Structure formats: structure tokens, C-alpha cells
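**Student:** First, the structure itself, so that you have it in front of you.
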Amino acid sequence: MKRVQTAEEREREAKKLRLLEELEDTWLPYLTPKDDEFYQQWQLKYPKLVFREAGSIPEELHKEVPEAFLTLHKHGCLFRDVVRIQGKDVLTPVSRILIGDPGCTYKYLNTRLFTVPWPVKGCTVKYTEAEIAAACQTFLKLNDYLQVETIQALEELAVREKANEDAVPLCMAEFPRAGVGPSCDDEVDLKSRAAYNVTLLNFMDPQKMPYLKEEPYFGMGKMAVSWHHDENLVDRSAVAVYSYSCEGSEDESEDESSFEGRDPDTWHVGFKISWDIETPGLTIPLHQGDCYFMLDDLNATHQHCVLAGSQPRFSSTHRVAECSTGTLDYILERCQLALQNVLNDSDDGDVSLKSFDPAVLKQGEEIHNEVEFEWLRQFWFQGNRYKLCTDWWCEPMTHLEGLWKKMESMTNAVLREVKREGLPVEQRSEILSAILVPLTVRQNLRKEWHARCQSRVVRTLPVQQKPDCRPYWEKDDPSMPLPFDLTDVVSELRGQLLEARS
């Protein structure tokens with residue numbers, strides 16, 4: 001079954017096509033630091049972009065952070081993700097790992113990543129290697145540092161905006177420290193917008209990726225990451241990035257003036273105003289230990305891309321992930337809400353329900369879908385990658401699967417009820433109307449996830465990274481109250497609903 005694009009995807013694709021049509025065979029202009037107008041353009045059009053050269057960052061971090069990157073790479077902890085783009089599975093050219101607050105997740109391109117926890121107070125994490133534990137500690141230390149720097153940058157931005165000053169962009173230099181005095185409420189707001197709860201680590205060796213796409217609008221060269229807005233972030237929250245390109249990249253690009261445009265041997269980050277063909281884009285070279293910050297609404301109003309250099313590169317991208325529906329505590333609470341409708345459950349797994357109120361049943365089936373498709377299948381689709389670093393998620397996922405299995409029995413109890421003789425026709429119709437949509441969604445998504453686990457892309461993955469279609473069971477499995485394939489169940493429900501309405 002061909003997937004139908006969402007309205008947002010269709011609009012985005014239409015904008016892209018219109019932009020390419022307007023360009024025809026010409027490139028949009030973009031600026032590099034060697035261009036005379038570069039800093040003026042930055043000041044006028046990109047004032048919420050802050051850059052810090054490596055020399056202004058503590059030397060201790062420059063020693064520890066690269067060691068942490070290399071440690072995780074050595075232990076094979078970074079993975080290319082199989083993401084979903086316009087209904088197709090695509091293997092990312094960049095390898096990633098998510099580190100952050102215990103129980104947090106971060107979703108991008110329809111893929112939910114689960115944190116390898118960093119060692120925060122009050123949480124015991126058992127790592128598979130002492131070196132991995134030390135690396136996670138380092139990224140927590142980097143996170144704390146970047147959080148302080150971000151708050152200071154936001155304070156300075158607030159002062160400049162309040163004074164309506166046309167300040168020189170905060171780049172290639174220390175942040176100003178004086179003359180800043182926000183109110184208590186403002187200070188709380190600034191801290192919340194810099195309260196980084198995860199970092200998404202990235203790695204790519206461009207020499208092993210000969211098929212990288214060309215940047216389509218400006219002619220900037222090979223892209224490691226295409227134009228995008230970072231997803232799933234708290235509104236107006238900042239993003240901080242620490243960049244580390246491996247040895248060799250600096251020596252090869254001493255004289256950038258010999259190039260027209262950006263030096264293709266040096267990694268760059270590119271920025272543009274979304275869907276704007278008038279304002280020149282910016283490309284900023286990224287050398288070892290450089291950092292940049294996207295403040296306030298910059299991530300919403302502008303797009304950015306990462307332009308590949310010639311050497312391998314790591315980055316640590318610190319974010320305030322929007323976790324209102326993305327933490328372990330959240331999904332456990334949702335499960336408990338659904339299970340409140342269980343009256344009795346027997347030793348054989350059968351259950352009876354307290355209420356057959358249509359709204360209660362609908363809510364229960366929607367939670368059933370949420371835990372299955374947003375958590376269990378997302379987790380197991382990524383194979384056994386998380387066990388390489390820690391067993392932290394093993395017990396919670398086993399527990400979630402047990403709760404999900406009880407919800408299967410709850411669905412079975414509802415199906416028994418709609419077949420019960422003597423059930424008033426109107427009540428039967430209301431129950432069927434409440435559960436038919438979530439069960440149809442469940443059937444369609446199970447079919448989709450099962451197909452994804454056998455797609456051409458995943459067949460190329462190493463054994464440890466291959467997706468596990470879980471939960472999955474055969475038709476006659478005595479431990480399961482309902483079949484995996486709900487085609488017949490959904491068809492029967494539709495027939496019953498038509499009969500009840502006739």
C-alpha cells in the first residue's frame with residue numbers, strides 16, 4: 001500500500017519545487033568569511049547565530065571531548081539510522097548515538113532514538129565498559145559548559161534586542177560578560193531555553209561516502225546533512241554544537257583564498273533563511289573545537305545544512321528535546337491510565353473490564369497503539385545497538401512489553417463484548433465505532449513495520465544492527481489472545497458495524 005504524503009510534506013515539497021523552478025540553471029549567492037559583506041550580512045540577517053572559535057573554549061574540554069568521541073567510535077557505539085522519508089526507508093550517511101537524561105528519547109525523521117544515559121545524580125547506570133562511562137561523563141561536562149555559555153549568549157541577545165542595537169554578530173570572539181541584568185522571570189525563561197537534556201552525537205567519514213548529494217540551491221558542494229530545521233525541540237530553545245574534525249583537515253586548507261566559494265576540503269555549516277531567494281546564504285568553516293549556537297527562533301526561521309570536508313568529523317549537538325510525550329515516565333503513566341479499566345485478570349492472562357464506555361475503550365486502544373508503535377517497535381527496529389553501551393533500557397522495555405500484552409487481552413475482552421448476545425444494538429454500534437479506527441490503524445502499522453524489517457535497506461545491515469520485528473507471533477501462538485494479523489478481525493468488525501447501523 002502506497003503511503004500518502006501529509007499536508008505538511010506536500011507543502012514542503014511544493015515549496016522546494018517552486019524554488020528550484022525559479023532558480024532554473026542559476027545558483028543563489030552565498031558568502032564565506034573571505035567576502036567583504038559576510039559580517040554585515042551576518043549582523044543584519046543572522047543575528048541569532050553565535051560562533052566561537054576553538055581558542056576561546058577551555059583547553060581541558062578540547063582534550064577530553066575528542067577522546068570521548070574516539071572512545072565511542074572505537075567501541076562501535078555510533079550507528080547509521082534507517083529513517084523514514086516520504087514513505088521510504090533511507091540509511092543515513094551520518095552515524096549517530098543519543099546521550100542524555102535517563103529515560104529520554106528524541107525523535108527525528110520518524111525514528112525514535114533512546115538515550116544512553118549520562119551519569120546524572122540519583123541515577124545508577126551500568127555501562128558495558130569503563131571507557132564508555134567516562135565518555136558519557138565527558139559529554140555531560142560539555143553539556144554543562146555549553147548550557148552556561150548559551151544562557152550568557154541569550155542574555156546578551158536580549159539586551160541587544162531591548163536596546164534595538166545593531167550589534168556586530170557574536171562570532172570569532174568571547175561573549176560579552178558585562179552590562180547584563182535580566183529579571184528573575186526572564187532568567188528562568190532563558191535557563192529553560194538552554195536546559196539541554198540530550199546531545200545527538202554525529203560521525204561521518206566523507207571518504208567512505210562517495211555518493212553524497214550536492215547542495216542544490218547555492219552550489220556549496222557535497223552535503224553530509226541536507227537543509228533542515230532540527231525537529232522535536234522545545235519552542236524557541238537553543239541548539240549548541242561542538243565540532244571536531246579529525247587530524248589533517250587543518251593543514252590541507254591553509255589558503256582558502258584560492259577557492260571560489262567555500263573550501264571543499266574544510267567542513268562548513270551552511271545557513272539560509274527558509275524559502276528566501278533574495279538573502280545570500282552563509283557558510284562558516286568548522287575547525288577542530290569550534291562551537292556554534294542557534295539561539296531563540298533561529299532554528300524555526302532559518303534552515304541549516306552541514307557541508308562535508310575531506311576528513312572524518314564528529315559533532316556533539318546539544319538540544320532541549322520536547323519530551324512531553326517522549327520519556328519513559330510518560331509512557332508508563334499512559335499504560336497505567338489504560339490499565340485502570342481492568343477489573344480482574346486471571347492466571348491465564350484473560351481479563352475482564354470495568355467499563356465498556358466508548359470513550360474509555362477508544363482511549364485504551366489508542367494507548368495500546370502508542371506503546372506498540374512509538375516505543376516497542378521503534379526500540380526493537382534498531383536491533384541490539386543499545387546493549388553495546390548499557391543495559392539501562394532492557395528492564396523498562398521488558399516491562400512495557402508486559403503491559404502491552406495485557407492490553408492485547410483488554411482488546412480481546414472488548415471483542416468478546418461486541419459479540420455477546422443480548423447486547424443492545426445501539427451500545428454495540430457505539431463500541432464498534434469507538435474501536436474500529438484504532439484497530440484499523442494497528443493492522444496497517446503492523447503491516448508497515450513488518451515490511452520495514454524485511455526491506456532492501458535493512459538487509460544490508462550487520463547482524464547486530466538488523467531490526468527485530470517485535471512483538472511478533474505466529475497465528476496459533478497459545479500465549480496470545482489475538483492474532484498478529486488483524487485483517488480478519490477488522491473486516492468482521494466492519495461487517496458488524498454495518499449490520500448494527502442497518
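Glycine is treated like the rest: Cβ placed from N, Cα and C.
Since this is a predicted model, take the numbers as computed values, not measurements.
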**Student:** In Swiss-Prot, the 2-oxoglutarate site includes Asn202, Arg313, Phe314, Ser315, Thr317, Arg319. Which of Tyr145, Tyr217, Tyr292 does it also list there?
**Tutor:** Tyr292
**Student:** Name the residue range among 210-221, 366-377, 390-401, 402-413 that Swiss-Prot annotates as region 'Loop L1'.
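**Tutor:** Checked against Swiss-Prot: region 'Loop L1' maps to 210-221.
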**Student:** Same Fe cation site as His228, Asp230 according to Swiss-Prot: which of His287, His302, His304?
**Tutor:** His304
**Student:** Considering Cα atoms only, can you say which of Asn202, His228, Asp230 is the nearest neighbour of His304 (Fe cation binding site) among these binding-site residues?
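**Tutor:** Checking each of Asn202, His228, Asp230 against His304 (Fe cation binding site), the shortest Cα distance is to His228.
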**Student:** As a test of the contact definition, list every same-chain residue at least 6 positions from Arg319 (2-oxoglutarate binding site) whose Cβ is closer than 8 Å to its Cβ.
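**Tutor:** Looking at Cβ-Cβ distances below 8 Å from Arg319 (2-oxoglutarate binding site), excluding near sequence neighbours, one finds Tyr106, Tyr196, Asn197, Val198, Thr199, Leu200, Asp230, Leu233, Ser237, Val239.
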**Student:** Long-range same-chain neighbours of Tyr108 (substrate binding site), Cβ under 8 Å, sequence gap at least 6?
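**Tutor:** Those within reach of Tyr108 (substrate binding site), by Cβ under 8 Å and sequence separation of 6 or more, are Val83, Asp230, Glu231, Asn232.
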**Student:** Sequence gap of 6 or more, C-beta under 8 Å: which same-chain residues meet both conditions with respect to Ser315 (2-oxoglutarate binding site)?
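**Tutor:** Correct list: Leu201, Asn202, Val241, Tyr242, Ser243, Tyr244, Val306.
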**Student:** Among Arg96, Tyr108, His228, His229, Asp230, Glu231, the annotated substrate contacts, find the widest CA pair distance and round it to a whole Å.
**Tutor:** 17
**Student:** If you draw a 10 Å sphere around the Cβ of Lys213 (N6-acetyllysine), how many other Cβ atoms fall inside it, taking every protein chain shown into account?
**Tutor:** 13
**Student:** Select one residue from His228, Arg313: among these binding-site residues, choose the one with the most other Cβ atoms within 10 Å of its Cβ.
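**Tutor:** Counting Cβ neighbours within 10 Å, the top one is Arg313.
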**Student:** Just report the maximum Cα pair distance in Å for the recorded 2-oxoglutarate binders Asn202, Tyr292, Arg313, Phe314, Ser315, Thr317, Arg319, no decimals.
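**Tutor:** 19 Å is the greatest Cα spacing among the residues binding 2-oxoglutarate.
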